[in-house]
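For reference, Swiss-Prot has these:
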TRANSMEM  9-29  transmembrane segment
TRANSMEM  45-65  transmembrane segment
TRANSMEM  79-99  transmembrane segment
TRANSMEM  145-165  transmembrane segment
TRANSMEM  187-207  transmembrane segment
TRANSMEM  220-240  transmembrane segment
TRANSMEM  308-328  transmembrane segment
TRANSMEM  356-376  transmembrane segment
Amino acid sequence: MQSRKLYKSLYFQVIVAIICGVLLGHFMPDSGTAMKPLGDGFIKLVKMMITPIIFCTVVVGIAGMEDMKKVGRVGGKALLYFEVVTTLALIIGLVVVNVLKPGAGMNVDPATLDTGAIAKYTAKAGEQSVVDFVLHIIPNSVVGAFAEGEILQVLLFSVLFGFALSMMGQSGKPVVKLVEDISHALFAAIGFIMKLAPIGAFGAMAFTIGKYGVSSLSSLAALMGSFYLTCLLFIGLVLGTITRFCGFSIWKLVRYIKEELLIVLGTSSSESALPRLMAKLEQLGCQKSVVGLVVPTGYSFNLDGTSIYLTMAAIFIAQACGIELTLTQELTIIGVLLLTSKGAAGVTGSGFITLAATLATVPDIPVAGLALILGIDRFMSEARALTNLVGNTVATVVVAKWENALDSDKLAAELHNPTPLAHGLKVEAPHLTREVSRTLS
């Protein structure tokens, strides 16, 4: 009975799919690369649902608030937390890369590097300033924001719409109820889509190994090893300390979201687990309004794994090219990254684009050095995405506790003995509850 239950669990299925993808990509590279549409298709299916779910969650959460000032407080606390923690991520990346020096001794001449492959990234890096990013949050069309999957634009519209419904009083209640019912249906649909997660993870992993090969990692293994180690240190030390002060264990939280982490590992996209993550955070005891505001905002402003990557990659390039940087120059890089990492948020390939934008503003490090890490960037994206997911999970729980919007007893109970995900969806229709339970558990 236990083996049957394990066999049917999403956790087990995704692990098996990832292993099969690695084996296919390694032994049959051509067949592995042909599996790319499976991974792309799954990610597109999930992204199709993200903006409607964010809209429903935020609207219902805000419209149900009695104190409208709470929205501003939650947003302000979230942004403050994001800035502090991403700064710590940048600093810990700086410390580790200076201690381990993965690029030392490579003695690369920037003039010999092929910059053709990075041209599209450096071009995009110059296209969007911080001002452009802020203006981009305001959509030209609400329909366009939903159609193009612009999370921050949808979040802005959702906040305004939720405020409006709240101000309407009783006359706005039917609309709120309709949006809440739509939310239940959307989560049920996500349950159906998540049945395909093993297929998506298999396709994405088979493509990655088939195209780049395991052997391609050896030349830059030092940087990759240093980066993965730093991500673990950040989760264990920085996020672990934060969660300890808040009264719970980071490792119990990681275990609680293990299915979401495996989906992210297989697809290299932290967005692929966003709908399930939002449902689980509500189940964990966080109020819907806090989840709806913090999680979507965090996906643009609280990218801890990306922050670690940016610092380490920039200093690695300098080390590889034999460039000695002073402490002032390294701190300047961190200051620039605090700005540029926000300016490129939400852009496809944002990590590489942000790095290009940063190097363009720091004359001491050649932009051509990006060509050094282009080949292994795909292999480091898994650690970036996993760390981003854990970071945003912690951020939501911490902000909820800070705002007294967290049921601590429920948090402790769920971390000790997690219940099926459907319980966190608060689905009122009995037939829908059964359907969601079958598809999400």
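Quick reminder: no glycine exception, Cβ is built from N, Cα and C everywhere.
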Tertiary contacts of the transmembrane segment (9-29) (same chain, 6+ residues out, Cβ under 8 Å): 35, 194, 197-199, 201-211, 213-214, 258-259, 262-263, 265-266
Where, among 79-99, 187-207, 308-328, 356-376, do we find the most CB pairs under 8 A to the transmembrane segment (45-65)? 187-207
With pairs fewer than 6 apart in sequence excluded, do the transmembrane segment (145-165) and the transmembrane segment (220-240) have three or more C-beta pairs that lie under 8 Å? no
When you scan the chain for residues with a C-beta under 8 Å from the transmembrane segment (79-99), skipping those not six or more beyond its ends, what do you find? 226, 229-230, 233-234, 237-239, 242, 297-298, 301-305, 307-312, 315-316, 319, 330, 333-334, 337-338, 341, 391, 395, 398-399, 402
Same-chain residues at least 6 beyond the ends of the transmembrane segment (187-207) with a Cβ under 8 Å from one of its Cβ atoms are 10, 13-14, 16-18, 20-22, 24-25, 31-33, 35-43, 45-46, 49, 53, 262-263, 265-268, 272, 275-276, 279, 425, 427, 432, 435-436, 438-440
Positions whose Cβ lies under 8 angstroms from the transmembrane segment (145-165), at least six residues beyond its ends: 47-48, 50-52, 54-55, 58-63, 68, 71, 136-139, 172, 175-176, 292-293, 296-297, 299-300, 345-346
